[in-house]
Amino acid sequence: MSVHIGAKTGEIAERILLPGDPLRAKYIAETFLEGAVCYNEVRGMLGFTGTYKGERISVQGTGMGVPSISIYVNELIQSYGVKTLIRVGTCGAIQPDVRVRDVILAMSASTDSNMNRLIFRGRDYAPTADFHLLRTAYEVGVEKGLALKVGNVFTADMFYNDEPNWETWARYGVLAVEMETAALYTLAAKFGCRALSVLTVSDHILTGEETTAEERQMTFNEMIEVALEAAIRNGA
């Protein structure tokens, strides 16, 4: 056991999907995994291990934001030996050519979080996805005929921000806003692991367009399939 995860040694697979919502973790386990067993209920942050196409896979809720995902990624890697981590979640688009229901593969992540400034003593660090996971996820998405975008996302430290300045980030090519990827990529790099964020565009920040619950669920399923295929095709 670790501080925030109640699993025993060996109960978590080396490949894991990371939704923010623990109920999404339960949904993924029940919908996509065979023989799924719950290994964690600490703080209501559900975690499950099962198989997908015969390959062992885990799924763990992380909560929202850099501090929360950092806790789970640190413990999954250091206490349980996880090697491949794929975030699956939603984001808000800030580019006119990115539409709701599109799937974004986050090649890199800008951020206003001070996490990396603290780690690197005031200097900037460029959190980046694992190339092999990114390439495989892109190939799977193309095979499925999905509306894919690949590029930089912005990891925000605040959900409610009175002065977000999205126009500047958009001018520099950032595709969308979310709250976890920069931390995931930084920690994966620190420990020599592989990481990727696969994100569904749930709303458009500039236009105000939003998806319905049904639309989000349909696109979410496609996103999960991309993430699962990327995980098993790249081994541990």
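Cβ atoms here come from the backbone N, Cα and C positions, even for glycine.
Cβ contacts within 10 Å of M179 (purine D-ribonucleoside binding site), excluding its own Cβ and spanning all protein chains shown: 24. The secondary structure of M179 (purine D-ribonucleoside binding site), as reduced to three states from DSSP, is coil rather than helix or strand. Taken from Swiss-Prot, the feature purine D-ribonucleoside binding site covers H4, E178, M179, E180, S202, D203, and the record attributes it to similarity to another entry.
Positions annotated as phosphate binding site by Swiss-Prot, on the basis of similarity to another entry: G20, R24, R43, R87, V88, G89, T90. Taking all protein chains in view, 23 other C-beta atoms sit within 10 angstroms of the C-beta of G89 (phosphate binding site).
Residues or ranges marked as active site, proton donor by Swiss-Prot on the basis of sequence analysis: D203. For D203 (purine D-ribonucleoside binding site), the number of other Cβ atoms no farther than 10 Å from its own Cβ, over all displayed protein chains, is 17.
Swiss-Prot lists R216 with the feature site 'Important for catalytic activity'.
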Spatial neighbour of H4 (purine D-ribonucleoside binding site) that is closest, considering only the binding-site residues G20, R43, R87 and their CA atoms: R43
Surrounding CB atoms that lie within 10 Å of the CB of S202 (purine D-ribonucleoside binding site), all protein chains: 21
Spatially closest candidate among E178, M179, E180, S202, D203, the listed binding-site residues, to R87 (phosphate binding site) (Cα to Cα): E180
For the binding-site residues H4, R24, R43, R87, the one whose C-beta sees the most other C-beta atoms within 10 angstroms: R87
Closest of G20, V88, G89, T90 to S202 (purine D-ribonucleoside binding site), Cα positions, binding-site residues only: T90
Other CB atoms, at most 10 A from the CB of E180 (purine D-ribonucleoside binding site): 32
